[in-house]
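**Student:** Feature list, courtesy of TrEMBL:
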ACT_SITE  His220  active site, proton donor
ACT_SITE  Glu358  active site, proton acceptor
BINDING   Asn123, Arg124, His220, Ala221, Tyr222, Asp293  beta-D-galactose binding site
COMPBIAS  37-50  compositional bias 'Polar residues'
REGION    25-50  region 'Disordered'
SIGNAL    1-22  signal peptide
Amino acid sequence: MRTKSKLFMSALIAAAAIGNFACTPPAENKSTEENTMEQTSTAIPDSSNFSGEVNGKATHLFTLVNKNGMQVAITNYGGRIVSLLVKDKTGAFKDVVLGYDNVKTYQKRGEPYFGALIGRYGNRIGKAKFSLNGKEYNLEKNDGANSLHGGAHGYWMQVWDAKLINKTTLELTYLSKDGEAGYPGNLNVKVVYTLTDNDEVKIDYSATTDQATPVNLTNHAYFNLNGAGDSTILNNELRIAADNITPVDNTLIPTGKITPVKGTAFDFTSFKAIGKEIGNADDEQLKFGKGYDHNFVLNKHTLKDAIATVKSPVTGIVMDVYTEEPAIQFYSGNFLDGRSKDGKGGVAYPLRSALCLETQHYPDSPNKPEFPSTTLNPGKTYKTTTIYKFSVAK
Ligand code: BGC
């Protein structure tokens with residue numbers, strides 16, 4: 001095993017050395033055994049299950065590995081994080097994100113955006129329209145009357161050009177054409193995933209445009225720090241450094257108000273089990289969201305301090321989130337239903353068996369001038385970084 005792991009690492013380094021071209025073939029995950037580090041209790045899916053073609057473009061699975069043996073597997077189909085192997089309190093590796101074993105399942109209808117890059121606009125735009133510089137734009141309605149996560153042709157279902165920079169860095173680029181999903185302007189998007197030796201998944205987003213357009217990019221990883229496939233995240237403890245949320249109507253569009261969390265089920269300013277108040281029957285916001293599905297307005301947003309932390313009492317795994325974005329969507333997996341056993345390893349993902357912490361600008365900002373602007377103008381560069389850092393509780 002030791003030799004095989006070393007061989008796998010050398011293969012990655014070799015692949016990285018030749019990897020300086022678009023759509024680099026991935027460091028092949030020859031077999032699940034070779035992929036599995038010494039203490040790994042879970043495996044990364046076989047990369048051959050991700051070799052395919054979607055809309056005439058090749059799809060692959062890339063695996064990044066750091067000096068501690070932590071691994072993240074990413075496919076250029078939707079720029080999705082497929083697996084994330086992190087050490088638990090026993091020193092064994094656990095996969096902490098939900099996903100599928102093959103690229104086909106990621107394309108099934110109603111797939112919940114597992115691990116995906118989201119754009120051109122993360123979360124909802126009300127009535128699927130907005131006006132910019134005096135012109136009205138109509139977007140794809142894919143959530144009742146609203147547009148969600150960039151519409152039916154969002155970045156989560158596009159094949160990105162991929163360049164493996166080295167064994168810890170993957171660069172993805174995508175040209176979102178003028179009019180795609182209804183948005184104005186050709187938007188050149190670049191996302192760089194880096195797995196640092198400090199056990200961080202760092203996501204650097206940048207974009208430029210040739211016409212004014214709203215932009216709000218995020219990643220939609222579904223985390224379960226007990227291990228993907230565990231039945232619930234309700235026992236995970238969460239802290240979010242946010243004194244306010246943007247409450248929503250019953251279609252999950254912000255009302256425009258900004259309201260304090262103090263004295264409500266939304267107060268995560270100190271650690272609280274996610275399940276503690278999620279069932280509060282008299283909370284209208286929890287009713288609208290079918291649980292937590294809300295934009296938390298961050299008190300600070302620099303990369304200096306963690307703005308959110310999740311802890312698993314089962315594995316001891318801790319995840320700290322850092323972002324330059326002004327807000328974070330905390331979604332408690334309320335639409336997962338566990339109906340099909342098509343999760344990695346043939347498991348089902350039941351209701352609330354994962355949580356998302358999507359760093360973002362506020363939902364529906366293009367229709368809410370009082371919210372921080374999401375407009376990107378020609379000549380300017382959209383640039384933002386988010387970090388998910390892993391450790392084990394002391
Ligand atoms: C949204 C949820 C949605 C989920 C998956 C989240 O970002 O806020 O309402 O159900 O993504 O689609």
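Here the Cβ of each residue, glycine as well, is placed from N, Cα and C on the backbone.
Predicted automatically and left uncurated, TrEMBL annotations should be read as such.
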**Student:** How would DSSP class Asp293 (beta-D-galactose binding site) in three states?
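**Tutor:** Once the DSSP labels are grouped into three classes, Asp293 (beta-D-galactose binding site) ends up as strand.
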**Student:** Which value in Å gives the longest Cα to Cα span across the beta-D-galactose site residues Asn123, Arg124, His220, Ala221, Tyr222, Asp293 as recorded?
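**Tutor:** So the binding residues stretch over 18 Å, Cα to Cα.
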**Student:** With an 8 Å cut-off on Cβ-Cβ distance and a minimum sequence separation of at least 6, pull the same-chain contacts of Glu358 (active site, proton acceptor), or say none.
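**Tutor:** Correct list: Ile118, Gly122, Asn123, Thr218, Asn219, His220, Ile328, Gln329, Tyr331.
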**Student:** Neighbour count, 10 Å Cβ-Cβ cut-off, for Arg124 (beta-D-galactose binding site): what number do you get?
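**Tutor:** The answer is 23 other Cβ atoms.
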**Student:** Quick one: which of the binding-site residues (Arg124, Ala221, Tyr222, Asp293) have their CB closer than 6 Å to ligand 1?
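**Tutor:** Close enough to ligand 1 are Asp293.
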**Student:** Please list residues from the chain of Ala221 (beta-D-galactose binding site) whose Cβ is under 8 angstroms from its Cβ, counting only those at least six apart in sequence.
**Tutor:** Ile81, Leu84, Val97, Phe114, Gly115, Cys356, Tyr388
**Student:** For Asn123 (beta-D-galactose binding site), just count the other CB atoms lying within 10 A of its CB, please.
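**Tutor:** A count of 29.
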